[in-house]
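Single-structure report; data block below.
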Amino acid sequence: MATIRVQKSTKRPGVNDMAKIRQFFNAHDSNNDGVIVLEEMSDMLEKMNIQMSAESQKNFFNQIDIDRSGEIEFGEFLDWYTTLMDLADEEAQKVISRLEQTTTFTRSELEAIYDNYKRVSASVVNDGMIDAEEFKQMMVAGGVPSWNTFLVDGLFSMFDADGSGQISFEEFVTILATYHNKKKGGQNEKHKLLFKIYDVDKDGKISKQDLCKILEDCLKCNNIVLSPEDNMALVEATFKRNGCTDSMDLKAYIKEVQERGLV
């Protein structure tokens, strides 16, 4: 990756943006010492999906570090904040172009998703990524009961494909595309995704206990309460219908949802 020198933006943040920018700065000041060092800035650029070589990152750091102290103070950071946001938006446009090739979302749909992603990623900690708490708040706002941690945690794990503990924009769109059958060449991808969520112990199979938990939560969402015995009876019937004994593999699961017209 070639070394680059970043062109500074002529735009300046408004007075009303100060609190948001301070929060963003603090989010990337990992040791809370009031300054950002090169390692912290490198981590920040990675989270913002701004692609730079190590040498380019160092050069960019030196551009921001006007007094050559080896640390970026808030005033120096503030002077370059809009440049950082412009770089992040430029990279997002590149990601959107890639996603146009792998999904059937239109560009305008992808740009709308990006705007929503930015809003959610700044709702708790303004660091450019969606963390577990921000994801939970988004799900609850969308109608998922706050008590249903099984579903929320399972979905978060699916979105967070690299296991970093945060969801990038590309990860966010990839799962949305899978769930809404918008992934090119993705036949049965949605079912595979849901199967992974339902496979609580991640052994590649859905056990009767896994399915009982799923059924219990689904019924609870609809204010329906079954006894444990009735719940298990439904699970037993489902397993029997698919010729399964103690567990259901992906093939049997897909057969079940297709035969029942579930999408």
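Each residue, glycine too, has its Cβ placed from N, Cα and C.
Curation plays no part in TrEMBL annotations; they are all automatic predictions.
Residues or ranges marked as domain 'EF-hand' in TrEMBL: 16-51 (among others). Taken together, the residues in the domain 'EF-hand' (16-51) have a mean pLDDT of 93 on the 0 to 100 scale.
Summarising the annotation, TrEMBL assigns domain 'EF-hand' to 52-87 (among others). With a cut-off of 8 Å between Cβ atoms, the residues of this chain six or more beyond the domain 'EF-hand' (52-87) that come close are 1-9, 11-13, 17, 21-22, 24-25, 34-38, 41-42, 45.
Taken from TrEMBL, the feature domain 'EF-hand' applies to 126-145 (among others). The domain 'EF-hand' (126-145): residue composition by secondary structure is 10 helix, 2 strand, 8 coil, according to DSSP.
Per TrEMBL, domain 'EF-hand' is recorded for 147-182 (among others).
Panel annotation: around the domain 'EF-hand' (186-221), residues 145, 148, 150-151, 154-155, 157-158, 175, 177-180, 228, 231-232, 234-236, 238-239, 246-250, 253-254, 257-258, 263 of the same chain, lying at least six beyond its termini, place a Cβ under 8 Å from a Cβ of the stretch. Summarising the annotation, TrEMBL assigns domain 'EF-hand' to 186-221 (among others).
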